[in-house]
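Down below is the structure, laid out as structure tokens.
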Amino acid sequence: MAIIAIIIIAILPMPAYNVHYSLTYDQSLPSSTKVIFQFDDNAAFPESARQQASIQGSVADIRLDTLNADSHNLRIITTGTRAKPVHLDISVNIFNEYRPTAYSISVHQTSSNGFVRISPSELTTMQHAAQHLSIIRVALLMLTAMLWLIALIRVTIGRSLQSAHFYAGVAIVLVTLWLIRCISALPSLDYSRFPYRSLAAGILLGFLVLIGINMHRYANNVHKTMVIVIDYVTIAAYILAQFLIYIKYFPRDYDESAHMSYVAYEKIHHELFPTFENIKIYEDAYTMSGTMDLSSFHEFNQLGHPPLYYLIMSIMPGITRSSGTVEYHINWLRASSFGIGFLGILLAMYLGYTRISKKSPILHLVFATVLIAPANFVFVMSGVNNDTLCFLTVSIFTWGMLRFRERKFDYVTFLLIVVGMSTSLLTKLTAGMITSFIGLFALIATIRDEQIRTVLKSRQFLISIPLYLPPVVYYTRTLLHYHAIQPSYQKLDPYGYYHSTFYYALEKRSELDVFAYIKHFGEGIMRSWWSMPWQPDITRSHTSSLTFDALAVSMLVFIPIVIFAVQRNRLGNTLAMAMAALIITLFQQFSNALKGFYVNGYTGGTQSRYYLCAMVFLAMTVVWMMAHWFGRDKRDDRITDESDDARGNIIGSITPTGQMVCAAFVMWLVYDGFLSSFLLHMAEIQH
């Protein structure tokens, strides 16, 4: 059947579109040259018969007007040069400027005085040649070949798959190839610039191959474990590659000047309880020249964060002090900061590896992909800011909390919990709030459970209590000294505050009702979730939370919320606690932003990057929901705590249908994440 279809397509007459006539001369043409292709007159549209060629080097080229496609005569008039025409080519633009030549004739013997005449017979031959190379014919031949290949795969290596699963896989491959086709149509950069189109296409193809490896049916668990390791190693390498790209091609971060100034301050003063009114944003923080003089400052530093991250960064390689001056290498510090966050990612991957069933490798790939899917995740980690340490501290806390909920009541569990929570509180208030609320919910659940409430009297737990004192002491002292648990710009430097971008005079403010502000806040949270923050270079003006190039990443906000509406096992309850903690923290952010808008006119405070530290919880919740919806055995929804522990893997395996859904979701996240939010905008960034 395929052969018959090919023969029919080959012999059927088809129209010729995207046809080009190119006249080549014996030397380059000057810019003053004009080359006119004159066809038969068209009574209805006379001016169409005369087409002026574009000049490139020694070639004059036109894209043939379809009104001239059946012309019987062609004359070519050349003025402004003594170059002699050599040959005339007819070509067809089949794919992305790929223009194979359909026919070529020599004209050097028939030309004279800048005038070339093509005979009717030669012109007819050229037109027939273009029709044989019709883009319609080529497309039909490619479609026939593709259908034949799909049928061949179906009866060979795909014969064991259910039809629905096989054709779903075919759809994933075809959509990926279509995305690559769209990427290839983007503008290219100069040769010396970054080959971003090739990289984007390579990433999509690479993940397509990786998904194929995950979807294969392996005979034993050893092979599945190897695939899972490949998944995590691949994602880790992908993260490192993103970091290198950001450092080289997009090393900018709106808040980095403030964070770097705080690091420099701590390098000089080493204060456990910073004197916040003395911390400034220093002049060099905007140029990052490598020398920061603390006596030369630009404005007040508004951060007010606890000092742990900045104390750690002040002792990293790449920064030294000399009297009141700090010498530093910014890329060394960026790499050090990234390394801290990368340790958190590796720990999160370990948690996924040990808490997700190894019977379904694709779930591990979903987990690792979700972990880094938000547009600004790796970007934020690539600069000097305390979000990197937050991710590590929250991951440590997550490890301890999972062990606690699995009833591993040993010294390691309580040490992980207290270290994770205390360091989170000493790094950033939002991270501390998230871990504190999760810990509070776990404590309440423990008190209500008669079987395990005695653990609160155990030596293992009691010994860990003193380690909660550092954040208690820090926030108590800060509260007593500044009358707030986080010092505010407005109180410490009122003049600077009222002349900064954090305050708008009444006549410059927007006037919104509460519902309009809720809409503004929600849009800000979502936009900063699926798009790069603060970057005017990447507009994405036609993108919203519901468009294809952002919807998958947007779904990561809403899928975890569904966990409140389903029956949960012990891990599900733990993840629900985490989601509740995130919602409460988000409400606190909304309350502060609302007050800031109505009191000070400030329209900001809508960044979602504050919750990137909890991506390990979000990723695990998404995978848990996948296993809940597509689990191999629906009885897993009602599994008891005891049998849950006995199974070893807390998140179960999924059906072939679930695997196909996961495969499609991974490819969608890859496109919506790093590619559509940043990499595919390299042309506009570089300009």
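If you go along the chain as it appears here, the first residue is 1 and each next one adds 1.
Keep in mind that glycine also has a Cβ here, set from the backbone N, Cα and C atoms.
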1-19, 362-380 - the one TrEMBL records as transmembrane segment
362-380
Would you call the transmembrane segment (546-566) and the transmembrane segment (650-671) in contact, using three or more Cβ pairs under 8 Å, pairs 6 or more apart in sequence?
yes
Beyond the flanks of the transmembrane segment (332-353) by 6 or more, those residues with Cβ under 8 Å of it
228, 232, 235-236, 239-240, 243, 247, 251, 260, 263, 312-313, 316-319, 364, 367-368, 371-372, 381-385, 387-389, 391-396, 398-399, 402, 615-616, 619-620, 623
Remote residues contacting the transmembrane segment (610-630) - C-beta distance under 8 A, at least 6 residues beyond either end:
348, 351-352, 355-357, 363, 366-368, 370-372, 374, 376-377, 380, 387, 390-391, 393-395, 398, 424, 428, 430-431, 434, 556, 559-560, 562-563, 566, 571-572, 575, 578-579, 582, 585-586, 589, 636-637, 651-655, 657-659, 661-662
Segment-segment contact (the transmembrane segment (194-213); the transmembrane segment (135-153)) at 3 or more Cβ pairs under 8 Å
no
Checking 225-247, 362-380, 650-671 against the transmembrane segment (165-188) for Cβ pairs under 8 Å, the most are found for 650-671
Closest-packing stretch to the transmembrane segment (225-247), where packing means Cβ pairs under 8 Å, from 135-153, 362-380, 573-590, 650-671
362-380
Do the transmembrane segment (650-671) and the transmembrane segment (362-380) share at least 3 Cβ pairs closer than 8 Å, excluding pairs fewer than 6 residues apart in sequence?
yes
